[in-house]
């Protein structure tokens, strides 16, 4: 994220005041958005859920999340109430509701609000409400303030506390990439009991009310998420009070941006402090990037030096071998010349040492007649 874009975002958020006068902090957005007309959603019928955790498995595989400590067929994890985290974007919990002789199971994940509190609270606009109904997150814009975690009424966004260098927010995306390919969300596709129904939100609202009307006594006469917090893409049916399955029934119907704008705006603050704090956050981020770049450059430098040293060693070894080979060749030639000279000398000496043949002249020998 470059400095120009960062400061531009600060300007659009109304946080670049340079006069340090007493004022009131404002949320990044105070407007309302009724949602996309033909957006999609999911209806979760908790009366059908059997707590098999197949949805958790599908979510893990589709999003390539880390392997869990307990296998997905290990149902002992249901003995404790869990919440989503950076490595688990959806979880199923078991509840023992009063008056029932069997447990109730409910899947938990991002509800993909029509007017997301996370998007409203995020001053760098790292969250996006998409036309397909999903709410997605762009980690390249995030500065790690975690306002989204505070703003979310459903406690969904999770921070990667275990990541030391580049922690990000993690949450369900409603399988946004799969929707773009015309596929169902992974959890919906794998559910063996059709406890999850995917479709256009307006159709799901109708389906939910039809089930309530056609099955008297089976459901609470309410579709959770139809109106809560201005409405959510993920909605619920239940046979017991929603509070019995850990859901907040006191949220009201006012949209989340109105709540977050009021909450942030109620905090008295010196306006001039915001640029300092946020520029400081930017500086920390840039310093981290600079250190990483320096470490990378140093690693490359060391690698080049090591390669050069290795090449020098190889060259020295080759030259030494060449000198040794040359010396050996000279020694061989000298020895050869000496051997040839010795051989020639010995041949000449042998020739000189041979006796001369007697002369053939017989005149004047005694006893011969004149």
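Each position is counted from 1, following the chain as shown.
Using N, Cα and C of the backbone, Cβ positions are placed for all residues, glycine too.
Summarising the annotation, Swiss-Prot assigns [4Fe-4S] cluster 2 binding site to 59, 172, 175, 187. Long-range Cβ neighbours of residue 175 ([4Fe-4S] cluster 2 binding site) (same chain, at least 6 residues apart, Cβ-Cβ under 8 Å): 62, 134, 183, 184, 185, 186, 187.
As annotated by Swiss-Prot, [4Fe-4S] cluster 4 binding site applies to 122, 142, 145, 148. In the structure as shown, the Cβ atom of residue 122 ([4Fe-4S] cluster 4 binding site) sits within 10 Å of 30 other Cβ atoms.
Taken from Swiss-Prot, the feature domain '4Fe-4S ferredoxin-type 3' covers 133-162. Counting same-chain residues at least six beyond the ends of the domain '4Fe-4S ferredoxin-type 3' (133-162), those with a Cβ under 8 angstroms from any Cβ of the stretch are 1, 6, 36, 39-41, 83-86, 109-113, 116-127, 168-176, 179, 201, 229, 233, 248, 251, 256, 259-260, 263-264, 278, 281-282, 285.
Annotation comment: Swiss-Prot describes 259-284 as transmembrane segment.
The most densely surrounded of the binding-site residues 142, 148, 172, 187, judged by C-beta neighbours within 10 angstroms, is 187. For residue 172 ([4Fe-4S] cluster 2 binding site), the nearest of the binding-site residues by C-alpha distance turns out to be 148; the candidates were 122, 142, 145, 148. Here residue 148 ([4Fe-4S] cluster 4 binding site) is positioned 22 angstrom away from residue 59 ([4Fe-4S] cluster 2 binding site), judged by their C-alpha atoms. Per-site Cβ counts within 10 Å over the binding-site residues 59, 145 peak at 59.
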